[in-house]
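Asker: Features from TrEMBL:
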BINDING   177, 238, 310, 523  Fe cation binding site
């Protein structure tokens with residue numbers, strides 16, 4: 001277990017400049033010859049505007065990073081995405097659009113009348129796409145969790161256009177974690193207005209590249225709708241599970257209070273974070289739907305309260321749906337612990353704060369699809385390899401207890417990745433993740449979900465990011481491939497590098513060091 005008393009992790013939450021042109025990286029080891037594409041990553045890069053700070057980890061302005069592989073050489077490039085939030089902030093030298101945890105005050109230059117009237121124009125929702133990047137058809141989009149996604153050129157990192165998903169489907173926002181099938185079909189989830197003014201959640205399908213070269217987004221359709229447990233308070237949704245034939249949606253006790261959201265915003269100077277609350281009595285509700293054709297399965301699956309951001313994988317086996325999650329125990333919202341002031345604190349303070357937070361745990365849940373009313377009181381899960389259970393109560397509700405795949409005190413296995421090309425939605429063995437030590441990312445982990453064996457890569461004063469799996473072209477085994485991660489090493493001569501690990505045992509294959517600092521990144525992709 002590493003300690004970080006020097007506090008060098010603070011550097012990953014500092015503003016950096018974009019680059020005018022790609023920088024050559026210094027390579028040690030040998031870059032595998034099959035790496036010929038680009039590693040694309042997103043995260044915050046501007047943590048204050050003039051003398052106005054951003055307060056939350058998810059507020060800094062979106063910076064896109066790219067490592068290019070060519071003939072064993074590596075270059076690094078980065079650019080701020082020209083979102084409305086960014087361009088207006090730079091132009092007006094202040095925070096103009098309210099972010100996740102930072103309120104944008106009204107323009108001090110306007111008089112009282114124009115300020116009063118601008119209150120009634122409604123809230124401007126942020127387009128700060130700092131979370132992920134993914135393909136839709138032939139295009140690439142940088143995304144956050146609002147209704148806005150931003151089309152980018154992944155070669156030049158230029159910003160192309162802002163797209164409002166509300167123009168195409170009934171959703172209020174859409175996650176940064178779609179599922180993408182082999183043919184390029186994209187599935188995603190977002191909350192929406194359902195029937196009779198109640199809230200619900202829609203799964204949206206965006207088709208692959210169109211023969212007539214039209215934009216697939218224009219052909220987006222809602223596939224299936226999940227009901228909301230509370231009429232005006234949808235749960236916060238960050239990702240969902242998808243197997244070959246089913247969707248799994250985990251409705252956690254972390255709620256968005258919509259009435260607060262709509263009223264408080266314009267008048268009282270609040271932000272998105274102020275609109276979250278926990279329903280301490282709901283527990284967790286697990287929903288299942290058929291994929292094609294979309295059909296909600298009206299069974300009540302419940303479990304103890306958890307917070308959950310990332311699904312690892314979901315698959316069907318002998319009439320059961322098995323789904324693995326990175327969970328946080330209890331009903332408190334983990335984002336309460338991700339204020340920049342907390343993350344930039346001294347190590348002892350960081351540890352003290354994390355002691356109060358929900359505890360992380362990798363869990364496996366199993367949902368039985370074939371349920372009979374007469375079987376109440378007994379465990380319906382008959383898969384031989386898991387201790388997860390599902391027990392029907394007298395009222396027909398089925399209570400799920402998980403199998404714990406990994407648990408370490410204040411040591412999270414998070415930002416999970418798998419060999420998605422070959423094993424997404426299928427029975428699998430390996431998950432890769434970023435190890436958070438009291439919320440500070442300080443190691444890369446591998447987990448065998450069948451045997452619970454773990455592997456770790458770690459170096460002192462080194463802060464990696466989500467590891468992305470790239471398969472060896474002629475690979476046979478599930479873990480034949482490499483992991484790509486960006487590591488900040490603030491104390492080093494070269495303060496950041498792209499690290500290539502062997503996915504089998506997490507041994508180092510190569511690193512490509514750069515002469516500039518790289519701040520925290522969340523998600524991204526390897527583009528062939």
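Backbone N, Cα and C define each Cβ position, glycine as well.
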Asker: Neighbour count, 10 Å Cβ-Cβ cut-off, for residue 177 (Fe cation binding site): what number do you get?
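Answerer: I get 20 for this one.
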Asker: Using a Cβ cut-off under 8 Å and a sequence separation of 6 or more, which residues in the same chain sit near residue 310 (Fe cation binding site)?
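Answerer: In sequence order, 177, 238, 239, 325, 326, 414, 415, 416 meet the Cβ cut-off.
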Asker: Neighbour count, 10 Å Cβ-Cβ cut-off, for residue 238 (Fe cation binding site): what number do you get?
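Answerer: That number is 20.
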